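A.B. asks: Got a structure for you, questions after.
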């Protein structure tokens, strides 16, 4: 039996031993060393256990993988590591750190139970560190900390052992402050990163060494020894004495939970069904013999196998050929192949049980976040939808250069939308152009150049990037009458701003449209009251859509129940295009005050009720002091003090606002807020202004009101672009 086959057998055995499984991710700010760490953990584990292969074979195996150009970035890898005389199966997910790819991070968090948060020793805690930590804690994923690039503190900043420890303590304190602020109540203390018990490791992923306090006590290596090894350029020797993979994986096995432990508290957080039902209990217990329940966390497109769904199973088992049911798309599917991820390849296995991460082919209609179950035992409701910390803020129009490529382009766009639910794809009915909305310039570039151009082989014309605006209201409208085209049905409504706390709860993913579709559920009502809506109104919410809500304040109107679905559809159509520039409306509450309907049902059908509500909503919004909102980004610049003035000038020239400034040694950290519309070309400009000496990053920070003096000009530009008549 070859070493690969032995490894697969080892993984198959461990998959059934839940307390010896760790589903973990690596996440960090961009360029803090995630992928280097992932690659070296993989190399260190030899992708096979040491006792099976010996060092020589492990190296051969790794070189063979390297020759294939393996990069496990944003991919899933199963590997085996020995700790305390036992072997453990580690399912590792590496996540991207660039702000434009935050969606990948969110999806990965649903699959894992623990995360190694990587933080650069030189830069410290950065915006994306906070973002990925927030996403992890929201999904009840337990963190441990790896402080990377320690060699740079020694060789570049020449820190003494005392200064080194001081820098570590500062980073740990900042991370713990974030954990205390954002962790679930029951874990605020338990999940803090404690150096003494080994929840923190320090090292250099690039030079393949790491250390933790328990490892220092065991091995006798001190901070002074580490400085000596680095200064004398003997990091190779240090890597032999304190191998990166051993220290980081030991820490992960000791401190991160197995699926049996994690699912007890994670399932109630991501599934809102009946905890006492058979499937509810089975998921909490991670029962491999219970009803099937899993969630698709990523769609990977393979030229030969087609769409591959990476799936985390919480209950039951999937075998090749099993019939499956996709709850979100309400479709049946068949598991054509069931595999595990082994580096860049997939290895077929007969079945996968609860607590594991697997690769499934055959789920053609699946999207990231889809709930998978058995057609004979449908999981209702499905898992909570994945909520992202950012949303698409830039749109481009694309057209195939060659019209014969159009069907292929449509298929690729459908595939991209399934793979990445932070991308919006729409067709402009008037021009026939495809509109793609993404998280930023880089996100759009990757879609158009890489996914459509390189992978799809289609040449496209890409339009100028357009910023996505929103509309909202600042006042309350008078009572407005919405009249049906036949004049026999009248609905009376008021538009007013939604309570800020309720809108914030919606943005944070605490309110879901599903809870209000047929009739407000008790859970839905409780969430609204908790968010700050009056109890009397919470019972009467008819729909929540795109951050807007409609509340039925009428009494005793018999036909209203029959017309409910039509009223909701009219409301949705009414808030899709605001009165100023036909941009989406957000933060608006429509109160339905009264209604009169024709007694004959034939005269109150969809063609009558939907337009009546749509026109009423639009009219009410237009009379409630509508304003335009623009997307904002937090911009962080880390620059030598000599260039601080240039950095600030660059922000001020872009309608930016300086929020805070800090000095750290000879570096200045500028924290600011800048409109997305002013950020085009920022990368080149800031590099030029600071002669390439600065580090910078951005993060979506929500929508803000456009300054009053600029609103007419921007509204006119949008209306002209859309071919709408001037106001």
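Each residue, glycine too, has its Cβ placed from N, Cα and C.
The GTP binding site feature in Swiss-Prot is assigned to 28-35, 94-98, 148-151; the stated evidence is sequence analysis. The domain 'tr-type G' annotation in Swiss-Prot covers 19-260. For 603, the entry in Swiss-Prot reads diphthamide.
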A.B. asks: Cα distance, residue 150 (GTP binding site) to the residue listed as 'diphthamide', nearest Å?
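C.D. replies: Roughly 75 Å, rounded to the nearest whole number.
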A.B. asks: Inside 10 Å of the Cβ of residue 150 (GTP binding site), count up the other Cβ atoms and send me the figure.
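C.D. replies: Result for residue 150 (GTP binding site): 27 other Cβ atoms within 10 Å.
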A.B. asks: Note down the number of other Cβ atoms within 10 Å of the Cβ of residue 603 (diphthamide), including every protein chain shown.
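C.D. replies: There are 15 such Cβ atoms around residue 603 (diphthamide).
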A.B. asks: Mind looking up the mean pLDDT for the domain 'tr-type G' (19-260) in the predicted model?
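C.D. replies: 78, rounded to a whole number.
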A.B. asks: Within 10 Å of the Cβ of residue 28 (GTP binding site), how many other Cβ atoms can be counted across all chains shown?
C.D. replies: 28
A.B. asks: Should residue 150 (GTP binding site) be counted as helix, strand, or coil on the basis of DSSP?
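C.D. replies: Helix, per DSSP.
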